[in-house]
C-alpha cells in the first residue's frame, strides 16, 4: 500500500540528520502554535495564502528565499567545516554519503529555491508597477506558480528525514543518476522537487511574458520601457524556451529509472552525453535567467542614486538582447573535456568570449552613468559597486575558462567553484539585495535601516572574498571539487581561511536579520509618506507606499522613457482626478490546493505509491478543469474607496511640498 516507504526510511542511525530534522519539526510546531494562539490562521489564509496580488506574492517569494537561504548556508558551513577537518589529518564528522547529499542539496537549494525566488519575487513586485498595469496577465497562475515552488522546496526538505537526497551533484549526471548506480530514492526526490518547481517557473515565464507584451500602459512602446522591464522580458523569453527542456530531460531520466528505458544509460543505445548536452542547454540560459533581472536592478539603482539619466539606454537594451540570444549557443563550454573535437570546442569557446562583450557594455554604461553624477552612497549603491568589482573578477575567470586548453586543466577544480560563486553571489545575490533595499518602501511603506544595511554589505563583501579567493589558488594547486576525505594537508591553510570567510558571510546574514527587525521596530520613524523616497524616475514611484491594491487609479499615458521624472520637473505629477470603479481579481485557494496535491503526487512518485500518485494527479486535473470554467473571478473596488486612498496620498505629497 505504501510502495517502498517503510520505517527504515527514517535515518535514526544518523544523529546529525535526526537532530536537524527534529529541530525543523519543532520550529514548524512552534510557528503553528503561535499562529493558532494569536488567531491568525484566518488572516493568513484570506490575506496571504490565497492572494493573487502580485505585490504580496513577491513578499512570499522573498520569505521562501530567505528560509531556504538559511538551509543552504548551513549546508555550506557543514561542507567547509568537514573539509577543514579532513585536510588536517582527520576523517571529519560527515560520512561520505551524507556529505554527497549535502553538496547536492546545497546547489539545488541555492539555484532553485533561493536565487530563483529572489529574482521572480523582484519581477513580481516591479514589472506591473513599471509598465502601468494593475496586475499580471494571469493572477491565478501567479499564485499557483508560487505554491508549486513551495511544494518543490517542501519535497526537497522531506528528503532530509524520510529517505535520502541525491548523491550525484546538483545536475545529477548519468550514469551515476541511473537506477543501477543510485538505486535509492535520492535521485527521485531530486527529479520531482525540480519537476514541480520547474513547472511553476515555466508558468511564471508565460505569465510575465504576456504581461509585458500585452499590458503596458498606453504610449509605452518597447523603447520607452524601463531597463528592468526589458531585462524581465528577456528573462522570461529564456524561461519559456529553456525550462521545457529541463522538464523533458527530467522526464526522460524518470523513464530510465522507473520503466527501464535507455535514453541515458551506457548500454542498449543509451547516451549519457546526450543528458549532459540537454541539461546544459537549459543550464546555461538559467545563469542568465538569474543574472539579467539583476542587471535591470543595477540600471535602476545607478540612475536613481547618481541623479542622472541612464547612460546609453539603447545600447543597454541591445546588449540585453544580445546576451539573450548568445546564451543559447555557449552551453558546451561546461564540458570541453567531453571530447567533441577541436572545432566544436573552438566554436563554443569563441561564443563564450563574445558574450562577455555585451556584458562589458553594460558595466561601462553603469560607470558612465555614475561619472560626474551626484552619487548618493545608499546601501543599494554599495551592493552595486560590490557587484561591479566581484562580477568583473568572475567574468574574467569565466573568459579564462572559455579557452579549451585552460579548461582541460581547471575543469572540475575549485577554480571552477570560485568562478561560479563569483558570478552567482557577486551578481545575482548582491543584485537582489540591492533591489530589496531599493524597492522595500514600495512594499511596506517604510525604509530599511541604513546602518545595519551597510554593516551587512561589508560583512558580505569581505566574507565573500575571504571565502572564495582562496579557492582560485586551491584550484591551481590541483584540488578538485566535492572532496570530503583524505584531503592533502597542504590545502588545510587555505581551506581554513575559506571557512573563516563563510563565518563572516554568516555574520552578514545576521546583520540583515537585525536590519529587518530594527526597521520594523522603527517603522514609524522611517515612513515613506510620499511614495517616492529616492526621487525615482520610473512609474512605480508615482504610487503611494505601500502601493494600493489596484496599483493605479487611472492607467497612466506614457510620453517618454522617464515620464514620471519629467512630470515631477513640471511639478504636476499628483492632482485630483475623476475616478471610476476598478475590477480586480478575487483571491482563490485553488493554487495552494493544487500545489498540495502536486506535492502528494511527487512524494508518492518517489516512493512508488501508485494509488496515491493516480489519485493526486486526478485531483490536480479536475481542479484545473474546475478553474477553467469558473467565471466568478473578479470583485469591484468602489469609487469611494479609491478616492479615499488617492486623496490620502495626495495630501501626503502636498505636505511634503512635492506638488
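Positions of Cβ are set from backbone N, Cα and C atoms, glycine also.
Residues or ranges marked as ubiquinone binding site in Swiss-Prot: 71, 75, 98. For the recorded site, residue 98 (ubiquinone binding site), the DSSP three-state label reads helix.
Swiss-Prot lists 106, 170, 421, 481, 482 with the feature heme b binding site, giving similarity to another entry as the kind of evidence. Long-range C-beta contacts of residue 106 (heme b binding site), restricted to its own chain and to partners at least six residues apart, with a cutoff below 8 Å, comprise 72, 75, 76, 79, 170. Following the DSSP three-state reduction, the secondary structure of residue 106 (heme b binding site) is helix.
Sequence annotations record features per position, and here Swiss-Prot assigns Cu(2+) binding site to 284, 333, 334 based on similarity to another entry. Mapped onto three states, the DSSP output places residue 284 (Cu(2+) binding site) in helix. Taking Cβ-Cβ distances under 8 Å and a sequence separation of 6 or more, the neighbours of residue 284 (Cu(2+) binding site) in its chain are 327, 328, 330, 331, 333, 334.
Swiss-Prot lists 288, 411, 419 with the feature Fe(II)-heme o binding site, giving similarity to another entry as the kind of evidence. There are 24 other Cβ atoms within 10 Å of the Cβ belonging to residue 419 (Fe(II)-heme o binding site). Classification of residue 419 (Fe(II)-heme o binding site) by DSSP places it within a helix.
The topological domain 'Cytoplasmic' annotation in Swiss-Prot covers 36-58 (among others). Sequence-distant contacts of the topological domain 'Cytoplasmic' (36-58), counting only residues of its own chain at least 6 positions beyond either end whose CB sits under 8 Å from a CB of the stretch, comprise 121-125, 128, 135-136, 139-140, 142-143, 146, 443, 546-547, 549, 585-589, 591-592.
The topological domain 'Extracellular' annotation in Swiss-Prot covers 80-106 (among others).
Look at Swiss-Prot and you will find 128-145 (among others) tagged as topological domain 'Cytoplasmic', backed by sequence analysis. Per DSSP, the topological domain 'Cytoplasmic' (128-145) is made up of 10 helix, 0 strand, 8 coil.
Per Swiss-Prot, topological domain 'Extracellular' is recorded for 167-189 (among others). Beyond the ends of the topological domain 'Extracellular' (167-189), by six or more residues, the same chain brings 4, 9, 97, 100-101, 103-104, 106-108, 111, 155-156, 158-159, 253, 256-258, 264-266, 270, 272, 275-276, 279, 283, 482, 605-607 to within a C-beta distance below 8 angstroms of the stretch.
Here the topological domain 'Cytoplasmic' (211-225) has Cβ contacts under 8 Å with residues 127-128, 130-133, 136-137, 232-233, 236, 314, 317, 539, 555-561, 563 of the same chain, all six or more residues outside its ends. The feature topological domain 'Cytoplasmic' is assigned by Swiss-Prot to 211-225 (among others).
Here the topological domain 'Extracellular' (247-277) has long-range neighbours at 172-175, 177-180, 187-188, 191, 194-195, 198-199, 202, 331-332, 334-335, 338, meaning same-chain residues at least 6 beyond its ends whose C-beta is under 8 angstroms from one of its own. For 247-277 (among others), the entry in Swiss-Prot reads topological domain 'Extracellular', with the evidence type sequence analysis.
Packing against the topological domain 'Cytoplasmic' (369-380) from elsewhere in the chain are residues 301-303, 305-311, 434-435, 437-438, 448, 450, 453-454, 456-457, 534: each is 6 or more residues past its ends and has a CB under 8 Å from a CB in it. Look at Swiss-Prot and you will find 369-380 (among others) tagged as topological domain 'Cytoplasmic'.
Residues or ranges marked as topological domain 'Extracellular' by Swiss-Prot on the basis of sequence analysis: 402-413 (among others). Within the topological domain 'Extracellular' (402-413), the DSSP-based counts of helix, strand and coil residues read 7 helix, 1 strand, 4 coil.
As annotated by Swiss-Prot, topological domain 'Cytoplasmic' applies to 435-456 (among others), with the evidence given as sequence analysis. Each residue of the topological domain 'Cytoplasmic' (435-456) gets a DSSP state, and the totals for helix, strand and coil are 17 helix, 1 strand, 4 coil.
The topological domain 'Extracellular' annotation in Swiss-Prot covers 478-490 (among others). Within its own chain, the topological domain 'Extracellular' (478-490) is flanked in space by residues 79, 82-83, 86-89, 91-92, 94, 96, 99-100, 103, 169, 412-414, 416-417, which lie at least six positions past its ends and keep a Cβ under 8 Å from the stretch.
As annotated by Swiss-Prot, topological domain 'Cytoplasmic' applies to 512-580 (among others), with the evidence given as sequence analysis.
Long-range contacts of the topological domain 'Extracellular' (602-605) within the same chain, counting only residues at least 6 positions beyond its ends with a Cβ under 8 Å from a Cβ of the stretch, are 3, 151-152, 155, 158, 188, 192-193, 195-196, 612-613, 616. According to Swiss-Prot, the feature topological domain 'Extracellular' maps to 602-605 (among others).
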Integer mean pLDDT for the topological domain 'Cytoplasmic' (128-145): 97
Cβ-Cβ neighbours of residue 98 (ubiquinone binding site) (radius 10 Å): 19
Integer Cα-Cα distance in angstrom, residue 482 (heme b binding site) to residue 288 (Fe(II)-heme o binding site): 25
Proximity of the transmembrane segment (15-35) to the transmembrane segment (190-210), 3+ C-beta pairs under 8 angstroms: no
Separation of alpha carbons, residue 419 (Fe(II)-heme o binding site) and residue 481 (heme b binding site) (Å): 12
Residues from the same chain, set at least six apart from the ends of the transmembrane segment (59-79), whose C-beta lies under 8 A from its own: 48, 94, 99, 102-103, 105-106, 109-110, 113-115, 117-118, 120-121, 124, 146, 149-150, 153, 157, 436, 443, 484, 502-503, 505-506, 509
